[in-house]
Amino acid sequence: MFKQVLGGMALMAAFSAPVLAAECSVDIAGTDQMQFDKKAIEVSKSCKQFTVNLKHTGKLPRNVMGHNWVLTKTADMQAVEKDGIAAGLDNQYLKAGDTRVLAHTKVLGGGESDSVTFDVAKLAAGDDYTFFCSFPGHGALMKGTLKLVD
């Protein structure tokens, strides 16, 4: 019996390895209804880097219903959105060189995908982070929290 339990544990450990590796990335989708399919993302402190894979699952073009994924401290979100509107679509609705932006994808149209990888060292335990779409008017609905966890 002990050998069976031990063997089962070894088998579970072998199958969990890919799952553990996948914890340093997340897939997230944005729709034509101005929604992300996730409202919260947890990033393990054990990750050196974290990757966000964004897919726009809608059909509308980027100039009509474009979506991106932007990460900032929660306190910076509104100012980043405001400055992004002035920057325009050609700049991904983000002010050039904005140090408040910790990571972002490009603005996507329906059917498009993009990824961004960032250093987890940019995040501090206890700080509040928000991810959102910076396309004008989208941030009110298309946002969520990102949290650094053990």
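Counting begins at 1 with the first residue displayed.
Glycine residues also receive a Cβ, built from the backbone N, Cα and C atoms like all the rest.
Take the Cu cation site that Swiss-Prot assigns to CYS133, HIS138, MET142: the candidate from HIS56, HIS67 listed for it is HIS67. One residue stands out among the binding-site residues HIS67, HIS138 for having the most other Cβ atoms within 10 Å of its Cβ: HIS67. Long-range neighbours of CYS47 (disulfide bond) (same chain, six or more residues apart, CB within less than 8 Å of its CB): GLU23, CYS24, VAL120.
Here the recorded positions are CYS24, MET142, and the one ringed by the most other CB atoms within 10 angstroms is MET142. Summarising the environment of CYS133 (Cu cation binding site), the number of other Cβ atoms within 10 Å of its Cβ, over all protein chains shown, is 28.
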